[in-house]
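Structure, as structure tokens:
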């Protein structure tokens, strides 16, 4: 079995594969204060809770945008699963040319998403990932990573409103009953939801015009479904895009 770990700034998503089949997945808080033993015990408890034997894990692959966690995840993998993890980064075969001024600058999660989306569609794609940052990544019909946009994430924007406007409360990112809010909470929700929908549709339209070829727009991330339900640009939501990309890239580096 393959344990795939996607470490984001806010959350860490784990998935366990048996061959091409995703057996289960979990989302936990990303914490640089958690030790390697704490991570190991947590992951083994998640496995046990779902009736999965952790001793059947034969490989671990990690995509991380939090460098301080690399050492702990490496120790966790070696101690609790007895395997050396593969980290997505320079030197790893992705099968995708990266046409970026400095390819080393591109976040591992963005490349993993691009590989996963292209593998599924084999056409021009735009990937919109609603994480701590909201990212847009373009892939050519030839499977080349072209670049993209990085915007403040939804939760960052909500927290900024709360922190910097003393009379505004924290609100849930949820669809309000009307675009024209009739109270403060609904007004903030309208601005956040429809503001992000407008941003997504606007950036996708501009990127498609610049690319000059048709693209499939694929969204992923915890808040993707809500935005996609109001968006005119998003064609598909793929909750497991990053985990599948990790599986694909691991396979390309360990072909039997």
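Positions of Cβ are set from backbone N, Cα and C atoms, glycine also.
According to Swiss-Prot, the feature active site, proton acceptor maps to 109. The ATP binding site annotation in Swiss-Prot covers 6, 7, 8, 9, 10, 11, 12, 13, 132. Among the features that Swiss-Prot reports, substrate binding site is placed at 100, 107, 108, 109, 110, 184, with the record citing sequence analysis. The K(+) binding site annotation in Swiss-Prot covers 129 and rests on sequence analysis.
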C-alpha spacing of residue 12 (ATP binding site) relative to residue 110 (substrate binding site), in angstrom: 15
The residue listed as 'K(+) binding site': secondary structure state under DSSP, collapsed to three categories: strand
Binding-site residues (8, 107), the one with most neighbouring Cβ atoms at 10 Å: 8
Largest inter-residue Cα distance among 6, 7, 8, 9, 10, 11, 12, 13, 132 [record-listed ATP binders, Å]: 13
Cα distance (Å, whole number) from residue 129 (K(+) binding site) to residue 10 (ATP binding site): 13
Sparsest-packed among the binding-site residues, when each Cβ's other Cβ atoms within 10 Å are tallied, from 6, 110: 110
Reduced DSSP assignment, residue 110 (substrate binding site): helix
Spatially closest candidate among 100, 107, 184, the listed binding-site residues, to residue 12 (ATP binding site) (Cα to Cα): 107
Under 8 Å by Cβ from residue 184 (substrate binding site), counting only residues of that chain that are 6 or more apart: 167, 168, 169
